[in-house]
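Enquirer: Positions annotated as N6-(pyridoxal phosphate)lysine by Swiss-Prot: Lys200.
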Amino acid sequence: MTQQYAIDTLLAQAGNRSDERTGAVSAPIFLSTAYGHCGIGESTGFDYTRTKNPTRTVLEETIAKLENGDRGFAFSSGMAAIQVLMTLFTAPDEWIVSSDVYGGTYRLLDFSYKNNNSVKPVYVNTASASAIEAAINPNTKAIFIETPSNPLMEECDVVEIAKLAKKHNLMLIVDNTFLTPVLSRPLDLGADVVIHSGTKYIAGHNDALVGLIVAKGQELCDRIAYIQNGAGAVLSPFDSWLTIRGMKTLSLRMKRHQENAQAIAEFLKAQPQVESVLYPNKGGMLSFRLQDEAWVNTFLKSIKLITFAESLGGTESFITYPATQTHMDIPESERVARGITNTLLRFSVGIEDVEDIKADLLQAFANLK
């Protein structure tokens, strides 16, 4: 019987014993694009690096174990991963999508539907299972949720939504970027597919662009593998290695991100310059609204330790302004109606000393008048 290790152990051991010939503890980087054959029909299991690469395979097998899936797939970005999933469907298929969804996902779905006759996105408050069920029609083929959502941090009941998906024979896709398998395993809750922008917490150091898919079911996995090979938007060997290296400390980092975020959420609630704080009490992401839109630029220019940047999940604290960054492609009236106001800031709380983060926020707030 195979030993079932805890997730902390799986992460710490990622890549170890992956190269039996040398016994390398750190997974080697295989840069070769082609692999020799002994004869017709005789292969080492590797032929061409787009199809399969030894370093990428280590990452794909590791993320599959972490998410309790049947197979993992690594792509050149999170958006490339979503594009591959869209390729599984054809018009007039529809996806029910979280109304509070990452702006890049909105942009891809909107453009592909309007210009490429792709799946039609139907935006729903997926925090409400009844709202999801009310939106299901004969063309609905999948439900796509973020939990917590980006950037309003709304949580979805994956178990209840999975029951709905099964009842109506729909695929349930969960973006698990914010929580990672350390804090949530959607496949165990009934989802069919999990995706990650591995650029964020999984790689964790703001130095690798990564997309990941984990799926259950042989037929579905085979279809994804076929498209991955055909489309070719695969992760490079070096970025695969960076991700493997980064994920070794994922469990430790997530605990510190969460600990700091919980403290910062309480701190922000006590600040008179802050109108509201959005935090689901798990993970390292939160959002907050300033009292006055006119303060936003002054605040962003005033932070010194925290970086004003358009990403999340790294060791460093980042603040993002969704209105002009992540969600700028959503028309303003629609964006504001969804709750992504011009006073909203998204905060990826890093692993620095929490008192230093608080001090930076305080000195920035002091400039708001």
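Cβ coordinates come from backbone N, Cα and C, glycine included.
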Enquirer: What three-state class does DSSP give the residue listed as 'N6-(pyridoxal phosphate)lysine'?
Expert: coil
Enquirer: Return the count of C-beta atoms lying within 10 angstroms of the C-beta of the residue listed as 'N6-(pyridoxal phosphate)lysine', excluding that atom itself.
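Expert: By my count, 21.
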